[in-house]
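A quick write-up on the structure given underneath.
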Amino acid sequence: MVGMRGAYGGGGGYSNGNESQPLGGAAGAAGPMTTETSTEIVGMEVHKVAPPPPRSTLSKMKARVKETFFPDDPFRGFKGQPLGTQWLMAVKYLFPILDWVPGYSFSLFKSDLIAGLTIASLAIPQGISYAKLASLPPIIGLYSSFVPPMVYAVLGSSRDLAVGPVSIASLVMGSMLRDAVSPSGEPLLFLQLAFTSTFFAGLVQASLGILRLGFIIDFLSKATLVGFMAGAAIIVSLQQLKALLGIVHFTTQMGIVPVMASVFHHTKEWSWQTILMGVCFLVFLLAARHVSLRWPKLFWVSACAPLASVIISTLLVFLFKAQNHSISIIGQLKCGLNRPSWDKLLFDSTYLGLTMKTGLITGILSLTEGIAVGRTFASLKDYQVDGNKEMMAIGLMNVVGSCTSCYVTTGAFSRSAVNHNAGCKTAMSNVVMALTVMVTLLFLMPLFVYTPNVVLGAIIIAAVIGLIDLPAVYQIWKMDKMDFLVCVCAFAGVIFISVQEGLAIAVGLSVFRVLMQITRPKMMIQGKIKGTDIYRDLYQYKEAQRVPGILILAIEAPINFANSNYLNERIKRWIEEENSMQNKQTELHFVILDLSARSSESNRRGHGENTASE
């Protein structure tokens with residue numbers, strides 16, 4: 001029997017002039033051969049594979065670290081520049097505001113002014129609502145819409161991101177801290193834990209940016225986020241049944257079963273006045289959202305609807321004294337700007353583990369949402385958003401916020417969408433929004449005394465409904481059933497267990513899937529498309545035909561120690577199956593492995609003189 005051997009990832013290949021696909025090499029012969037075939041093999045030309053130029057271990061490690069942590073080479077523009085220019089470029093890199101402020105004009109300001117006022121009308125009611133969702137005083141939500149946007153305007157690189165509290169981070173923070181401390185029984189301690197968790201969230205976010213570790217958040221795949229967001233949206237909505245039904249005694253648990261049990265266990269506490277007001281304003285908010293989705297030019301209808309709801313409901317409660325008829329209200333809110341809170345950061349060992357864990361989870365979630373939103377709108381306007389700079393900006397924003405009576409903030413999708421549609425040009429729209437909130441904090445807080453809690457609940461429900469992305473779920477189902485399983489597990493974990501456990505299950509499944517793809521790479525049999533020199537998957541391309549006597553296997557992953565055993569056994573089994581097939585016209589002579597997906601590092605390894613076949 002005559003055999004042949006090849007260098008994995010070697011120089012053999014085939015081409016039709018327009019398209020070439022390298023074949024990595026060949027396994028041994030797989031059966032008896034004719035004399036004709038043997039003659040052809042003997043006559044093959046032997047090619048030498050040149051070894052790669054020698055490199056030191058230090059240079060290899062340096063190159064690998066650079067490609068891992070600095071793939072964008074952020075300082076490539078510094079080369080060849082004078083020292084003064086390099087310092088100026090470094091300052092601009094750290095403070096992106098210096099890039100656009102010198103060329104700022106009045107026409108840009110007019111656009112940013114309109115956008116800032118528009119998102120402020122949304123930020124004020126949302127800030128109050130999301131703070132209550134986190135079991136924090138409503139004023140903390142407004143504080144969180146004042147200082148963080150100002151910090152982001154200086155450090156952030158996105159023009160469209162509108163900063164403030166978000167529903168998911170508020171829900172997660174509130175649920176995690178409530179497990180250890182009662183917000184009504186120990187309000188000061190709960191507030192201290194919220195500020196400390198925000199500090200750790202900012203620390204995690206900034207560290208990821210400084211250390212260039214942003215790739216860690218890539219483990220939160222789209223399937224994971226779609227399922228998690230949908231489950232969280234349902235849990236957030238169910239939590240608002242307390243306000244919509246007027247229930248006083250409500251469960252602090254987050255799962256759908258205990259929440260619904262609490263709802264029907266306290267039917268005697270239901271208030272028809274509260275239900276009527278809640279349903280009316282919820283229908284109004286959903287109708288406004290539908291109008292804005294149907295006619296994008298009317299985006300302002302949805303943006304202004306929450307503030308309009310707050311104003312109208314507050315007037316109704318004031319005029320009809322509805323607080324005396326089972327409708328709960330916010331109550332007195334103090335005027336004034338953010339109070340320093342660095343003295344409230346609590347690093348006591350009793351609660352240190354809780355605050356660090358809460359900060360880590362809320363930090364990763366809010367960072368993922370903020371970067372995803374920023375990149376989405378940057379792609380629409382064709383500009384770049386630096387992910388690592390965004391991590392540093394959002395992280396420092398939350399560190400500063402924790403010292404100024406704020407809790408976790410990021411770029412909210414609904415607010416950023418309104419900002420984008422309102423025609424914002426720069427991050428100045430965040431400054432306008434923050435100044436508008438400042439005026440509210442200084443002079444308008446007494447106007448919110450009679451604001452009913454049921455309307456705040458309706459605002460939250462209308463906002464989080466947009467997080468349930470059914471078209472994305474359907475697309476995931478069509479594209480990849482394993483991704484769909486991850487999506488469903490994330491969703492089920494959130495609504496049936498808890499938000500944290502649901503997220504942990506989804507991330508665990510995503511990591512498991514990555515490991516499976518590495519250890520069990522996909523292999524396929526390739527055939528030649530008739531009339532061409534192109535080779536494609538036999539199962540995908542029906543016009544592709546087997547080459548008689550040759551088995552061509554494509555391996556769609558790099559080969560490493562984790563999958564080499566599997567590949568060896570799988571290739572042997574394929575050969576055995578080929579040899580055992582009945583009614584074959586031609587016996588199997590060669591096995592060719594297409595190793596074009598193999599890592600370049602492996603291809604650069606020198607093995608002396610290898611042979612490659614054509």
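All residue numbers here begin at 1 and follow the chain in the order shown.
Cβ coordinates are placed from backbone N, Cα and C, and glycine is handled just like the others.
From a predicted model like this one, the values you see are computed outputs, not experimental measurements.
Annotation source TrEMBL lists compositional bias 'Gly residues' at 1-15.
Positions annotated as region 'Disordered' by TrEMBL: 1-32.
Residues 134-137, 140, 173, 176-177, 180-183, 214, 216-217, 341, 344-347, 351, 354-356, 358-360, 362-364, 366-367, 388, 391-392, 394-403, 405-408 of the same chain sit 6 or more residues outside the transmembrane segment (189-208) yet have a Cβ under 8 Å from a Cβ within it. The transmembrane segment feature in TrEMBL is assigned to 189-208 (among others).
As annotated by TrEMBL, transmembrane segment applies to 214-236 (among others). Long-range neighbours of the transmembrane segment (214-236) within the same chain, counting only residues 6 or more positions beyond its ends whose Cβ lies under 8 Å from a Cβ of the stretch, are 133, 167-168, 171-172, 208, 254-256, 259, 364, 367-368, 371-372, 387-388, 391, 460-461, 464-465, 467-469, 472-473, 476, 480, 483-484, 486-495, 499, 502-503, 506-507, 509-511, 514.
Residues or ranges marked as transmembrane segment by TrEMBL: 243-264 (among others). Using a Cβ-Cβ cut-off under 8 Å and counting only residues 6 or more beyond its ends in the same chain, the transmembrane segment (243-264) has close neighbours at 171, 175, 178, 234-235, 270-271, 273-275, 278-279, 282, 326-328, 453-454, 456-458, 461, 495-499.
Tertiary proximity for the transmembrane segment (270-287) is limited to same-chain residues at least six positions away from its ends with a CB under 8 Å from its CB atoms, namely 243-247, 305-306, 309, 312-313, 316, 322, 325-328, 452, 454-455, 457-459, 461-462, 465. The transmembrane segment annotation in TrEMBL covers 270-287 (among others).
Listed as Cβ neighbours of the transmembrane segment (299-320) (distance under 8 Å, sequence separation of 6 or more from its ends, same chain) are residues 118-119, 121-122, 124-126, 277, 281, 284-285, 288-289, 291-293, 327, 329, 417-418, 421-422, 447-448, 450-452, 454-456, 458-459, 462-463. Annotation source TrEMBL lists transmembrane segment at 299-320 (among others).
What TrEMBL records for 391-410 (among others) is transmembrane segment. Non-local neighbours of the transmembrane segment (391-410) in the same chain are 131, 134, 136, 140, 143-148, 151-152, 155-157, 163-166, 169-170, 173, 194-199, 201-210, 214, 338-342, 345, 362-363, 366-367, 369-371; each lies 6+ residues outside the stretch with a CB under 8 Å from one of its CB atoms.
The transmembrane segment annotation in TrEMBL covers 431-449 (among others).
Tertiary proximity for the transmembrane segment (455-477) is limited to same-chain residues at least six positions away from its ends with a CB under 8 Å from its CB atoms, namely 125-126, 128-130, 132-133, 167-168, 222-223, 226-227, 229-230, 232-234, 236-237, 240, 242-244, 277-278, 281-282, 285-286, 289, 305-306, 309-310, 313, 330, 413-414, 483-484, 487. Annotated transmembrane segment per TrEMBL: 455-477 (among others), in sequence order.
Taken from TrEMBL, the feature transmembrane segment covers 484-512 (among others). Sequence-distant contacts of the transmembrane segment (484-512) (same chain, at least 6 residues past either end, Cβ-Cβ under 8 Å): 171-172, 175-176, 219-221, 223-224, 226-228, 230-232, 234-235, 253-257, 361, 365, 473, 476-477.
TrEMBL lists 540-597 with the feature domain 'STAS'.
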On average, residues of the domain 'STAS' (540-597) score a pLDDT of 82
Reduced to three DSSP states, the domain 'STAS' (540-597) has 17 helix, 13 strand, 28 coil
